[in-house]
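As recorded in TrEMBL, the features of this protein are as follows:
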- 19-30: compositional bias 'Basic residues' (COMPBIAS)
- 33-46: compositional bias 'Low complexity' (COMPBIAS)
- 1624-1635: compositional bias 'Basic and acidic residues' (COMPBIAS)
- 134-217: domain 'S1 motif' (DOMAIN)
- 233-299: domain 'S1 motif' (DOMAIN)
- 408-468: domain 'S1 motif' (DOMAIN)
- 499-566: domain 'S1 motif' (DOMAIN)
- 586-655: domain 'S1 motif' (DOMAIN)
- 762-831: domain 'S1 motif' (DOMAIN)
- 875-939: domain 'S1 motif' (DOMAIN)
- 1061-1136: domain 'S1 motif' (DOMAIN)
- 1160-1231: domain 'S1 motif' (DOMAIN)
- 1264-1338: domain 'S1 motif' (DOMAIN)
- 1372-1441: domain 'S1 motif' (DOMAIN)
- 1462-1532: domain 'S1 motif' (DOMAIN)
- 1-75: region 'Disordered' (REGION)
- 1624-1648: region 'Disordered' (REGION)
Amino acid sequence: MAAKNQKKISKVDGQKFNKASKKPFKTKKQPKPDAAPSKASAVASALQLEDDIPDFPRGGRSSMSSGEREGIRSQVDAEYVEEEHRFTKIKRKQKMRKQGDEAADDFGSLFGHGITGKPPRFANKITFKNISTGMKLWGVVAEVNEKDLVISLPCGLRGLVRATDAFDPILGSEIEDNEGISVLSAFSVGQLVSCIVLQLDDERKEKGNRKIWLSLRLSLLHKGFTLDALQEGMVLTAYLKSIEDHGYILHFGLPSFTGFLPKSSQAESSGVEVRAGQLLQGVVRRIDRTRKLVYLNSDPDTVSKYLTKDMKGISMDLIIPGMMVNARVQSILENGIMLSFLTYFTGTVDIFHLQNAFSTPNWKDEYNVNKKVNARILFTDPATRAIGLTLNPHLVHNKAPPSHIKIGDIYDQSKVVRVDRGVGLLLEIPSIPQPSPAYVSISDVAEEEVRKLEKKFKEGSRVRVRIIGFRHLEGLATGILKASAFEGPVFTHSDVKPGMVVRAKIIAVDSFGAIVQFPGGVKALCPLRHMSELEISKPTKKFKIGADLVFRVLGCKSKRITVTHKKTLVKSKLGILSSYADATDGLITHGWITKIEKHGCFVRFYNGVQGFAPRFELGLEPGGDPSSIYHVGEVVKCRITSSVLASRRLNLSFIMKPTRVAEDDEVKLGTLVSGVVEDVTPRLVVVYVKAKGYLKGTISTEHLADHHEHAVLMKSALKPGYEFEKLLVLDIVGNSLLLSAKYSLINLAGELPSDFSQIHPNTVVHGYICNLIETGCFVRFAGRLTGFCPRSKAMDDQRTDLSKAFYIGQSVRSNILDVSCVTGRITLSLKQSCCSSMDASFIQEYFLVDEKIAILRTSDSKGSKLKWVEGFNVGCVIEGKIQEAKDIGVVVSFENYNDILGFITHYQLGGATVETGSIVRAAVLDVAKAEHLVDLSLKQELINKFREESSSKKKRKREASKDLELHQTVNAVVEIVKENYLVLSLPEHNYAIGYASVSDYNTQEIPQKKYLNGQSVAATVMALPSPSTAGRMLLLLKSISKVTETSSSKRAKKKSTYNVGSVIQAEITEIKALELGLNFGIGFRGRVHITEVSDDGCLENPFGNFRIGQTVTAVIVAKPNEPGSKKGHQWELSIKPSKLTGPSDMGGNLMSEEFDFSTGHLVSGYVYKVDTEWAWLTISRHLNGQLYILDSACEPNELEQFQKRFSVGTAVSAHVLFYNKEKKLLRLVLRPVGPISDRNIDGGINNLQSNFSNENVMAYTHEGDIVGGRIFKIFPGVGGLLVQIGPHMYGRVHFTELKDSWVADPLSGYYEGQFVKCKVLEISQSVKGTLQVDLSLRLSSDGMVCQNSTELCNHVDTPSKHVEKIEDLSPNMVVQGYVKNVMSKGCFISLSRKIDAKILLSNLSDGYVDNPEREFPIGKLVVGRVLSVEPLSQRVEVTLKTSNASRGSKSVIDDLSSLNVGDTVYGMVKRVESFGLFIAIDHTNMVGLCHVSELSEERIDNIESKYRAGEKVMAKILKVDEERHRISLGMKNSYFRDNTDIVSEKESDEDVSKNDSTDETMSIILPDSSSLGVQHMDIHCENGEGLVLADAEARASIPPLEVPLDDMENLDLDKVVIQNHTHMDEETDQHEKNNRWAKKKAKTEREQEIRAAEERLLEKDAPRTADEYEKLVRSSPNNSFVWIKYMTFMLSLADVEKARAIAERALRTINIREEKEKLNIWVAYFNLENEYGNPPEDAVEKVFQRALQYCDSKKVHLALLGMYERTEQHKLADELLNKMIKKFKQSCKVWLRRVQSLLKQKQDGVQSIVKRALLSLPRHKHIKFISQTAILEFKCGSPDRARSMLEGILREYPKRTDLWSLYLDQEIRLGDTDMIRALFERAISLSLPPKKMKFLFTKYLEYEKARGDEEQIESVKRKAMDYVESTMA
């Protein structure tokens, strides 16, 4: 096998052996058979290099013999001599100048001589002569087109790459299925690529037309690559095959191995977006030979700096263009240098690729032999082994040279750097920002031939040069110095303008036309038709090559120029029409006919502009044929009659002077005319139009009515002479009009769009169907304006056949989906869901046309025979006779109307039985005038309705409140079902009769929903009875008016080669309210957003200075289909001066904008959408804002004009309230935003289950602010108003804050939906964290009075002012208020929003009050006088008596000065609070507070168990504060030890009853502080602890996400401490008491610390955005409180999925050791899924099962149980408890929760649960379980069962004093004195140790002291003494 391979190598490479660039040589001739083994082995060894040849052969001898070596050398020398001889012959035959041998060597064949042999004189250059297929070249992409790439090659050559040759076929097929790749997306201009020559055009072609076809396929470039040949550090090029999560899969074009590029190594920081199919370069980092995988690093710096290392056995195939090598200068050539590299290879560098682009004549001095340089491979030729290299600094750094010049530019002061004798000049062009090199060939130096270049031009001289080309790879421009190059108007394609007249020379003539050349060298085509006015058959006779003629440029597109030689066009003096923007009405210009049709001619103008001249504008005789008068190619003079720029349509006329109608008499599209019927044909109705200039008009049958059946009936009834009062002009054709009698179109006269600019997206427009096709239908408006509705957008039910759902001519309502200004296409939707009627015009037209048909059918057109209708008004009752009974109903005849029949359906008989011939009275429901038919009803409610309407005025007044109003929603009952409508009755409105259509404009032909008699439907009143409604009330069914949003899909548009940051010239094609539409390039469309016009912020009319057709300079800021572009098919442009003058390398920075807004930041924008609630503003291309109606003003009249004030396009400046970064949406308000209040924000964060989002709405609202509001709800009685002040924020207006003066009915004048001006009085926070806002509508409030308001002046002398504080009240003060509540014992009145007053029954009036509820109804205004004020308890008593007798008993003390510190007083406990007792002092109207610390010397744990409301107590006055009206009391025993003579006084029953009544009534107005929805009332006490305790109570109501892990900790039963009976001595008691106190103190301190931390967190800087929360969770990752706040914030934004994601992150982030913190998150997760899960039960269950895997099972179960109990899901709680008592049988807590659940739900089965628990629990837990179960029974169940349990356990453990103490405490709480004393007696009778007995006696004595019975106290003391004596004995 080795021998065979060696033979193949010898055969293939033998003939090119002498061209190798390696040291060893190969034989050229085929070896003889006998010499084959030795020579083949020699060749093989030469190819294998060091891998196969040992460095030191054994014995120190060579592997070949000396004979073999000599034979090879002699053979090579002979071949070399023969080859040199052959080259010499070739050179002699060629035509050349003096240095022909050097020139031939310069531009001849490539060479690849090795180091040995004759060195070359010139460096290799690639030309058309020596380029060959298979050659590998390095190039730069010059152009990127859809179908090919243009590559700039070395030496100024250009190659083409077909799109199919840009990628490997395997790669293209794999990617195409997913995304699809194209050269437009994979390549960019300026990209360096390696390519291989595929094909060359035939040499017989002209030199300028020959093309080089290249390929970029890596399979060809990498041919010969194997995995073994790859080494780490090599630079490889690969396709990006696919994008994965962690990196990119690469494809090298070879199936043997693949590549992988990690994302971390890809230079993402450069901002370059990678796409599938893109070419990437990378350095080999690692090779996995097992998996055949190569890992690359594509960092540009690494790739550009990498040098290819010397590798053993490297072959020619592994040398790829673009590879950088370390080379050494071997020799200096005439036009370059020769380098050696990689040990075995040599190559040349020509003079244009040296390190210095401006190489002087002394450039050779810079390169010494053996100098080391870095170079890159420029090309390789496998056939000749020739290699070219480059030292260009840009290319060495792997970048294409920059271009600072443009072709066609002229530079006057260009410096001559070098003169190449006989070749050309090297110039230094003074370009900006840095000079550029340019080369001028000797043939372009002067007009005449220059023989000695060096004499005419000297180094350093200045010349004038014009740039004619550019070599992209070398960065070298080509220039010309000829004087003719600077003359003439045209030198490059950019100089050519349509319409310009130029002189050109004919260089070729063919059958298709002539090729002409301008003086500058630019060529153009003169088509055959434009060579002459008339058609010529032999163009070569007309045009002679070389002739110099005058032409006019027709157009220039894609560097293809066309000209004309038609004399009429060349000599025309008329204006040039070269763009549609230049087309103005009335313009006269020349054009040429391109096509002739029967209906007109198509005419073309310059630059592809085309128009159409209709037949009637051709000036033809009647019946004339256009083709007989005109011919194609003829030049005609045209007049533009109209132009539509958006759709690029021109209407032309060949008639220069049109017949004009006076402007006043001119009929326009969409206007109304009148006409008289002249004739009725089968399809049309011809009418005489009453307008000058127009004689006739036609109405098609479909346009006679909106209803199809009416249109047919109308036509059959029409007769000549009938006059139409109103007809709409649909279209004007010559002097004839197309008319319509459709009411839907007539009602829109003047508003029906007739022009493309009048159509706007997202609007509903009336029109009619003009054509139906299989894929959709065409809808036409006025004129020829037509839109298309695709089939998918035509119906909600796609299964319906389109042809059956619509008919041609049908009236429709169309929703505009898209308006394309460029294509002129309008896309519509006819779906009923988005086009339903919003009024009753459809059924209104039905009844009006029906009446018109009835009139037409009568012989008298005046309608005299319709007088019978006056006797059958709808709703009236008439008499009739039963004529006939049928299956479907009864026929009724009328005595006075013989031709009128009535009909009663079975449903309308109302259950009555009628006989033929009987007389009945029936109510009229409907009248069919055309059919002379009346629908009647015998239902009594309908008949009685007519009687009631005829009754007395009083009854009508009662019904006045129920009068119907427009747009009112009502409930209706179907009475009669007609074919097209329903007859309905309104039971809630005295059975009024209404009519509603069952179909709509778009659903006439679609089967409708079936309705039944008696069916209830919802409808809206749209029109009340009037002549315009034919006397009927019209309704709109809710099922028809329901509208849903629809969406339309967008098609992806083509991409382009423009880059972000490119400055372009664009033409304005459309001016909209918020954007400019522009065209640029070749068919590219862009837009300029309204915010991209000026840098000066918001201007009132930013587009005012622009016009359609104007050319502007713009910069591209975003490409299509990119994140920065809102419209995927349009380019985003900007004309801001700052962006136009900015740096050109901004690139992607233009597309990405970072916004960072803080609350209060002032922004400006333009309104782009407005509805009744919101105005949407566009702040920039990527940022929008929302302004709510109530945030736009505070004055009601301004709020009512919201939509007018914020019309589309209005400039608005507003303040930022909230910024949603994800949605890029700002929440805006008009008034300045003040500092954010922490308490306001807290309400939106703490409550996770709250659905509404505050959105910082209250962050800018403070007490005292004036805001705009809208009445949301009016509460009955004295509930006041609920006013909306934000999207989700409401405030309460108290009944006393409605008016400034005290009026009888303050609610009068207010209605729901009314805009009002409010003042914020107070912003408070409820226990659960929700915000409560109190508002006022009183104009006398500060800031509420307008400049024009005079209402305040009317209320200056009010009899009583509003009292805001209780301190402002004093006895005998006259006050006013509204009755709030009435009871049998008196009533309560509201003096203000915070102060209520009590009025006892005896003080209601001077006389006797029989019925307080009737005489003092709720809301009545009363005037009274203050009797007493208790500021501490916030209680006020008022009397309404006018006499002095009402002031009460003289013995009543109401002066604080009468009370002295130290006095002992008696009183009754009014209220028990956790911080103390409120005590009403006897014989006074004053209340004092006894703080909990002053109740007893010992600490009282549960004050509620010791004292009860109504209990009589004795207290001592400790302090009297007259200024604050406060009394502090004390009840410690030490205060009364010296007062033994105090005698208690009894209260009378009357006083007790009064106190009871007072206590009862006050419980109504002073609810518990923990209740929700009621304003929290602060309790003032002496030392301020009341506030702290109240706050603590409020905080105890934990928000849903902050549920404690174990709710059992909060139960009272846990306060019971079960003590061990062996530790009852005094020291142990004190120790345990200290331990309990220490634990409670520690718990309190921890709670305070948590609370302080929370407050600090919120006070310091409450997070308001997601980013701030992210920072917070990163700083405290293990804090569950922070994570829960974050979840709450997301729920406030209604982002449930985000909240779930945060919960998952928290569970992953929190340390596994922080079990409590994790459990808190799980509990929050439970609450989240319980509120928002779908369904909640399943969602909670899934989370619960997950939580069990990570946390303690018992704690998780208890947490879920607590959630179920709080949310009152008792069924789920019971199911969970049943599982828990099975799973945790030995848990006492679980069994107690089960018992508690049963008791709370009042269920049976407690005893069975107790028995099961005792069987399951360990014995040592029985006492705890039984004792706590007994406590639960005492509190929630049966005390008898509790006693039984305790008795049972005491029998077993009689000496457990802790059980006795528990038993006694529960009995004391119940209050049965006899039972308590009996239990004490039993306890002290036991035989117990002295310490325990002391405990029982002490407890007994304290009880009796509390009772105050001295006898019992002495009795207990005696028994104690007796026990002591007996013990001592």
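For all residues, glycine too, the Cβ spot is worked out from N, Cα and C.
Whatever TrEMBL says is automated annotation, not expert-curated.
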Checklist line | Helix, strand and coil residues within the domain 'S1 motif' (499-566) as assigned by DSSP | finding: 7 helix, 35 strand, 26 coil
Note to self: Just to be sure I understand, if DSSP states are collapsed into helix, strand and coil, how many residues of the domain 'S1 motif' (233-299) fall in each?
What the structure shows: 6 helix, 34 strand, 27 coil
Check: What counts of helix, strand and coil residues does DSSP assign across the domain 'S1 motif' (586-655)?
Finding: 10 helix, 35 strand, 25 coil
Notebook entry, point to check: Could you count the residues of the domain 'S1 motif' (1372-1441) that DSSP puts in helix, in strand and in coil?
Noted result: 7 helix, 35 strand, 28 coil
Margin query: For the domain 'S1 motif' (499-566), what's the mean pLDDT in this predicted model?
Written below: 85
Margin query: Restricting to CB pairs under 8 Å, which listed stretch, 233-299, 499-566, 762-831, 1160-1231, is in contact most with the domain 'S1 motif' (1264-1338)?
Written below: 1160-1231
Notebook entry, point to check: Within the domain 'S1 motif' (1160-1231), how many residues are helix, strand or coil going by DSSP?
Noted result: 12 helix, 34 strand, 26 coil
Notebook entry, point to check: Tally of helix, strand and coil residues over the domain 'S1 motif' (1264-1338) according to DSSP?
Noted result: 3 helix, 34 strand, 38 coil
